[in-house]
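Asks: Submitted below is the structure of interest, expressed as structure tokens.
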């Protein structure tokens, strides 16, 4: 018996392990497909084997990096491990910053010194927007205070030598592999797989190589406002120009001129079979020549132009214009990702891209609210007629006849179960269309399986990803490089804040001591109910109520965020405020949001995690967070974005928006809060710690007596373990609502006896006399 029991236990364990592995696979971000092809250079790291390390772990770079004589006038130094440090107070800061944003990933950008890191993907992005290997190495040498280490030079050459030399171009609805390097084309054609992909004529012979000369000019014309050099908050002192080494200044001017000039380029191309495109892309990646996707929309005569233009009132800000110039730099549309802070006008960038391409456009958001907002943005900024915009959500399915711009959600397109007849017809129409541009809003949220499904369902010539936070806790964000394209542009948050393009936010972490009764239970309980105890901490409730009262007296508009629905309802109902969460209908949501925007009596609303992204509330200037999703950096930044929109009529020098994160002291929440702040601290924000709110004792606040606090504690303890869990949003990516989850709990909880009380009732025996019953039926009486 013992052997059989052991075998059963082992079988159960292996089944459990297999199940957990499956769960982990589901959580994987883009790129968990084993067939995903990635160039081997993408996995390369900078070699720093020759670096000396002392007994304290400090690295000694003196022998590898001798200082230049005029090092004080040069703004950066490059470490042998690929990290680049930039002096933000240098006279040539603006030139160096523009260059570094193009070639490296920002790591941390506080006030005085910025840190960047060279990666294979950042160098791919640099090549994709037109920078040559020689440009990158030469300008890096000129900007550096020291000699650039040989390992860095080799790394740059390795990552840029082949990338960007071959392009997949769609012209007249035919696919061509194109390059300005004839030797590369000949090298590719020697490969048997690529020869198979090449189009052949009716006699079975390969079509001829096409040699042509074309003039490349940006599709986005530079405005007078945007032409004054790089956009920056730093104003260079004209007298400081003498401090700038001439070789630096001349070289930057030359690079700027090269970008502006119309260039004549001679290219060699061959036509390929459309059905072999995916095979061709994979093979080119294995040969270390990844294909850059470009769309020659001006010469696409097969897909009709749509009647859309920007309104004269739509004025692009310098950073928006710059991001679009990276996308349309050579007169064609490049696929890629643009990173702008929340509230910095990502929607206008998307609408302008659609107006530039002027082909059928598909926009994908992550909620029905974002669909409505994208429709409003198209109507606000462009001349498109309302009848040409078609929405496809669970609530609104517009007829697609004559539609030029379709707006939907990822979950609607990736839906695999049975659809209604009407939805099936719309899906068929979406699949048969050839889309010129696909705009992917909040592109960081998309897991691999769903993302691949969306990409295979609809055919689009150009893909533009928009996001504010290109971070994921699983570090799989880099796979977007080959699913969509490289990062084309990333803005500096502090720079936009200093220029008044986004609000100036005061970030604060408010420490709320746990009441003794709550803390005693918190220490004793080991289940998920601990989350409920530190969220429902009466001192946190009082701090929240005090901040709401304080800001309502200033006529501020306040959003309170809570991931936990039990806490959200308790707070909102007790404070008599409207709240929005998953089950709230679309009509009720829009009504609450409209009241919040326009009704002076509704100054505070409570929102669950459904409002993390795509809720456009420019009036809000105070955000209070009472519970959150663990240590998610992305969620913290997205929530801050709800109050980042520039405020009208406010002085830019003063703080005009406030972000409070309420944290229960001596609990797990403290550690989570520190983790969550990392992304914003790297962007240059600082968090002020408040241990005591001045004037809180004078206010008449809830839970001021021990009896009230005890009643609240009993209510929390009576709640189920399910109440302690975060909200699962229907249709949310990465949500595992359909899967089983493992929870700790008591036996009574598992038997459904959480709120059940055993009670006895003594009923009186004296009953009313029953009616006369026939003797025959008495036998069947129970």
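Just so you know, glycine gets a Cβ as well, placed from its N, Cα and C.
From Swiss-Prot, for reference:
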REGION    1-51  region 'Disordered'
REGION    220-240  region 'Disordered'
DOMAIN    327-488  domain 'Helicase ATP-binding'
BINDING   340, 341, 342, 343, 344, 345, 346, 347  ATP binding site
MOTIF     441-444  motif 'DEVH box'
MOD_RES   686  phosphoserine
MOD_RES   751  phosphoserine
Asks: Can you name every residue in this chain, apart from 340, 341, 342, 343, 344, 345, 346, 347, with its Cβ inside 8 Å of the center of the Cβ atoms of the recorded ATP site?
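Replies: Close Cβ neighbours, site residues excluded: 468, 502, 641, 644.
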Asks: Measure from the CA atom of residue 686 (phosphoserine) to the CA atom of residue 341 (ATP binding site) and give the result in Å, rounded to a whole number.
Replies: 16
Asks: What average pLDDT is reported by the model for the domain 'Helicase ATP-binding' (327-488)?
Replies: 85
Asks: What three-state secondary structure does DSSP assign to residue 341 (ATP binding site)?
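Replies: DSSP call for residue 341 (ATP binding site): coil, neither helix nor strand.
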Asks: To see if you understand the setup: which same-chain residues, six or more apart in sequence, place their Cβ under 8 Å from that of residue 344 (ATP binding site)?
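Replies: Counting only residues 6 or more apart in sequence, the Cβ neighbours of residue 344 (ATP binding site) under 8 Å are 319, 320, 468, 491, 496, 501, 502, 644.
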Asks: Given residue 347 (ATP binding site) and residue 686 (phosphoserine), what distance in Å do their CA atoms have, once rounded to a whole number?
Replies: 28
Asks: Per DSSP, what is the helix/strand/coil residue tally across the motif 'DEVH box' (441-444)?
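Replies: Across the motif 'DEVH box' (441-444), DSSP assigns the residues as follows: 2 helix, 1 strand, 1 coil.
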Asks: Sorry to bug you, but what's the C-alpha spacing from residue 686 (phosphoserine) to residue 346 (ATP binding site), rounded to the closest Å?
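Replies: It is 24 Å, counting Cα to Cα.
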Asks: Please list residues from the chain of residue 345 (ATP binding site) whose Cβ is under 8 angstroms from its Cβ, counting only those at least six apart in sequence.
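Replies: When sequence neighbours closer than 6 are ignored, residue 345 (ATP binding site) has 317, 320, 501 within Cβ distance under 8 Å.
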Asks: Other Cβ atoms within 10 Å is the metric here; tell me which of the binding-site residues 340, 342 scores highest.
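Replies: When each Cβ's neighbours within 10 Å are tallied, 340 leads.
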Asks: Select the most exposed residue of 347, 686, where exposure means the fewest other Cβ atoms within 10 Å, treating these as the recorded positions.
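Replies: Across 347, 686, these recorded positions, the one with fewest Cβ atoms within 10 Å is 686.
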Asks: With every protein chain in view, how many other Cβ atoms are within 10 Å of the Cβ of residue 346 (ATP binding site)?
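Replies: That number is 23.
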Asks: What number of additional C-beta atoms lies within 10 angstroms of the C-beta atom of residue 343 (ATP binding site)?
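Replies: A 10 Å sphere around the Cβ of residue 343 (ATP binding site) contains 22 other Cβ atoms.
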Asks: What three-state class does DSSP give residue 347 (ATP binding site)?
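Replies: DSSP call for residue 347 (ATP binding site): helix.
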Asks: If one measures from the C-alpha of residue 686 (phosphoserine) to the C-alpha of residue 342 (ATP binding site), what distance in angstrom results, rounded to a whole number?
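Replies: With distance taken Cα to Cα, residue 342 (ATP binding site) is 18 Å from residue 686 (phosphoserine).
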